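*Asks:* Quick one: structure below, then a few questions.
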Amino acid sequence: MARIHLIIILLVISSTSSSSSSLREQEEDMIKALPGQPQVGFSQFSGYVTVNESHGRSLFYWLTESPSSSHTKPLLLWLNGGPGCSSIGYGASEEIGPFRINKTGSNLYLNKFTWNTEANILFLESPAGVGFSYTNTSSDLKDSGDERTAQENLIFLIKWMSRFPQYQYRDFYIVGESYAGHYVPQLAKKIHLYNKAFNNTPIINLKGFMVGNGDMDKHYDRLGAAMYAWSHAMISDKTYKSILKHCSFTADKTSDKCNWALYFAYREFGKVNGYSIYSPSCVHQTNQTKFLHGRLLVEEYEYDPCTESYAEIYYNRPDVQRAMHANLTSIPYKWTLCNMVVNNNWKDSEFSMLPIYKELTAAGLRIWVFSGDTDAVVPVTGTRLALSKLNLPVKTPWYPWYSEKQVGGWTEVYEGLTFATIRGAGHEVPVLQPERALTLLRSFLAGKELPRSY
């Protein structure tokens, strides 16, 4: 397996661009201006990188450089989860990107808490079939999984850094949320093995990664979701006891008795936004989808004011696609936030990320895990249960951290890993608590503990 991995990497390296062609490719990918965009002082690039020639799989990226010292600031790759959901629709447009989309999808306005003040941000739509990323082999949409996604994300990075050689050897970090709790550590492991295979200074200079409200271990994620729903008075004592009695948190398929327990839990939830239980739901959405999501039956509501629909209007505009060098064939299809064909046909999903965490903490990478504390879908309870099984020695005991003269959350520092909660944030931490999320990022990039006082 390792030999096959090395052969693939060598083939990728042999196909990388020369310096003259990389400059030309950068010029072709440069975004002059997005429709409705305010004036900005930073450069943007977007386009495609082919990751599988035979199947015609190409991944779409959007790079937003920092407005100051972009030539020295680190590169940060942002990944959203799903699996099958767009990092451009969520991460770039709702969370950490420089722009927000207005309600009519006609204009953009600035996000004053954008993360590109601290790093050059690279958004990647992965795997093929998500967002603008595509495959010429339709069966690929029903054959995606963890392993292929991690491998092709690595191939993307190697080829992308050939196109943008100024980012080779630059400090590099990976950050993601939700099912990117798989993508991020799996890609970090691929990069770590890739760097070990070449005994020289790595062009992908991975320094660390950070995962927010991420899938970590199916057993503890599921158990934690039940505990969270009960402890936050969302389900009854009777239903909670029934879930604990009839649901196996290690099985992929649920029993009939477990399904009944989950059915009653769903009824007791009501129409609550499971991703942010104290936030209003988007009352204008008519196509809300119900997901079991491997934990509890919850209804997928996104944070008001219905930013999902704004993104779908904007990124389906032909002039936006032309400006972003997306959908170059102009084949009519609808850009969506999540590809449910990919989601519903996911082939391989590792049961636990804990073995990878053990391996990469030992490798000396900077690893942070954070949780918005109002998320009932991938809640803080499950994450804490999973982290406790790593049995890492405590360096700095639990304490409150501060942001803008308020408690931003709580944190504990272990040997090789930092855990932090973000008070008042949901599944998408930067949506509800953008300033606290930015404080978190600054501390992470600086390699410093979160502020103890204001």
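Numbers here mean position along the shown chain, with the first residue as 1.
Placement of Cβ uses the backbone N, Cα and C atoms for every residue, glycine included.
As annotated by Swiss-Prot, active site applies to Ser178, Asp375, His427, with the evidence given as similarity to another entry. Positions annotated as disulfide bond by Swiss-Prot: Cys85-Cys338, Cys247-Cys258, Cys282-Cys306. Swiss-Prot lists Asn52, Asn102, Asn136, Asn287, Asn327 with the feature N-linked glycosylation site, giving sequence analysis as the kind of evidence. Marked as signal peptide by Swiss-Prot: 1-22.
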*Asks:* Considering only the active-site residues Ser178, Asp375, His427, which residue has the minimal Cα-Cα separation from Asn52 (N-linked glycosylation site)?
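*Replies:* Spatially nearest to Asn52 (N-linked glycosylation site) by Cα position is Ser178.
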*Asks:* What residues, ordered by sequence, lie under 8 A Cβ-to-Cβ from Cys85 (disulfide bond) and sit at least six positions away in the same chain?
*Replies:* Val130, Ser178, Tyr179, Leu337, Cys338, Asn339, Asn343
*Asks:* Looking only at Cβ atoms, how many others are within 10 Å of the one on Asp375 (active site)?
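*Replies:* For Asp375 (active site), the count of other Cβ atoms within 10 Å is 28.
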*Asks:* Which residue among the recorded positions Asn52, Asn136, Ser178, Asn327 has the fewest other Cβ atoms within 10 Å of its Cβ, if you could check?
*Replies:* Asn136
*Asks:* For Cys258 (disulfide bond), write down the residues of its own chain that are at least 6 apart in sequence and whose Cβ falls under 8 Å from its Cβ; none is a fine answer.
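*Replies:* Correct list: Ile243, His246, Cys247, Ser248.
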*Asks:* Which of Cys282, Cys338 (the disulfide-bonded residues) has the most other Cβ atoms within 10 Å?
*Replies:* Cys338
*Asks:* State which of the following disulfide-bonded residues has the fewest other Cβ atoms within 10 Å around its Cβ: Cys247, Cys306.
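*Replies:* Across Cys247, Cys306, these disulfide-bonded residues, the one with fewest Cβ atoms within 10 Å is Cys306.
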*Asks:* Which of the three DSSP states, helix, strand or coil, fits Ser178 (active site)?
*Replies:* strand
*Asks:* Work out the three-state DSSP category of Cys258 (disulfide bond).
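*Replies:* For Cys258 (disulfide bond) - judged by DSSP and reduced to three states - the answer is helix.
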*Asks:* What Cα-Cα separation, expressed in whole Å, is found between Asp375 (active site) and Asn136 (N-linked glycosylation site)?
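*Replies:* Distance (Cα to Cα, whole Å): 37 Å.
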*Asks:* Across all the protein chains here, work out how many other Cβ atoms are within 10 Å of the Cβ of His427 (active site).
*Replies:* 26
*Asks:* In whole Å, how far is Asn136 (N-linked glycosylation site) from His427 (active site) when you measure between their Cα atoms?
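*Replies:* About 33 Å separate the Cα atoms of these two residues.
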